[in-house]
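Encoded as structure tokens, the structure appears first; notes follow it.
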Amino acid sequence: METELYKSRSHSACIKAAYILFSTHLTTVFKRTWFPVLVYSMVLAALIILYMPNKAWTDAGLSTPFERLLIMGGVDVLALASSVWIATVLASLFNGLPKRSNLLHSLLLNVFLAGIILLAAIVLREGDVLAMKALFSMKMSAETAGVASWGILILLATIIGAALLPLAFSLMKYWIEPDMKLSVVFGKAYRRGLRHWGFLFITLFVMALIFGLILFVLSIPFGIIAMAQVCNQIGILQGDLSGVPSGFSVLLYGTALITFFLSIYLVIWSIFVLYYAYGSIEATERERGQI
């Protein structure tokens, strides 16, 4: 894809340029990505259904935690592989290099992101536990301690988010520049992203608003059907008969599949926004170096 990437832009110009690039090359993007996106959607749909309550697990003899974790772990691996596949194809669209040249960076990028998400979740969980212990040791009431704990959790999440924000630049640089080493993610590229923290924040904030609004609309059908599934399973566990038709599981999976398929292309658009934000920061830094 031919793009005028390295040009200083405002946050709104980055979002507009991403939309123009995505819509102009939609046919190319779809032809290159539809199959890995379909596979990824199938895996994600299966994964979310596996995590939903379902008495069929017990009926099938898969009621033990180990058996469920084994199956879910296998599906998680498939999800990671599918994500790497999509990332490899997108990187090739961005830098014009063969997919084999982008495979390693795409793999390490996905593993790194998974590790960061897991680490952040652990920090938040442990921070919440420590906060609750400290608050109860101060002989606060359960209600007051609960409110204070939520405040501490939000503050901790804000600090983590602020620290990770420059990764939006450094990870993009590592991903699409094959000569970059993984060390740049928290090295020179991270410091460069940190200098443009405000620009990244505004760009991602506006992008997140657009993303969230569209995703909310896309998720309404699946949300309704998923809620019906959960309520039905709760009723079954309480001894009631199933109140949904026999093919409801197929409908649930199909709706999840379509929702994820469309949502992944929404994610791809957001990656285009980060792509132009990266180009804008690079152009600004080059102009600064020439002064």
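Glycine too: its Cβ is placed from the backbone N, Cα and C atoms.
Nobody curates TrEMBL annotations by hand; they come from automatic prediction.
These figures come from a predicted structure and were not determined experimentally.
Annotated transmembrane segment per TrEMBL: 33-51 (among others), in sequence order.
The annotation transmembrane segment is assigned in TrEMBL to 71-95 (among others). Listed as Cβ neighbours of the transmembrane segment (71-95) (distance under 8 Å, sequence separation of 6 or more from its ends, same chain) are residues 1, 28-29, 32-33, 36-37, 39-40, 43-44, 46-47, 50-51, 62, 101-103, 105-107, 109-111, 114, 175-178, 264, 268, 271, 275.
Nonlocal intrachain contacts for the transmembrane segment (107-127), taken as residues 6+ away from its ends with a CB within less than 8 angstroms of a stretch CB, comprise 80, 83-84, 87, 152-153, 156-157, 160, 164, 167, 171, 174-175, 182, 185. Annotation source TrEMBL lists transmembrane segment at 107-127 (among others).
Taken from TrEMBL, the feature transmembrane segment covers 147-176 (among others).
Packing against the transmembrane segment (197-230) from elsewhere in the chain are residues 11-12, 14-15, 52-54, 162, 165-166, 168-169, 244, 248, 251-252, 255-256, 259, 262-263, 266, 270, 273-274, 277, 280-281: each is 6 or more residues past its ends and has a CB under 8 Å from a CB in it. The transmembrane segment annotation in TrEMBL covers 197-230 (among others).
Residues 5, 9, 11, 13-15, 17-19, 21-22, 29-30, 33, 37-38, 40-42, 44-46, 48-49, 86, 90, 94, 168-169, 172-173, 176, 199-200, 203-204, 207, 211, 214-215, 218-219, 221-222, 225-226, 229 of the same chain, all 6+ positions outside the transmembrane segment (250-278), place their C-beta atoms under 8 angstroms from a C-beta of that stretch. Annotation comment: TrEMBL describes 250-278 (among others) as transmembrane segment.
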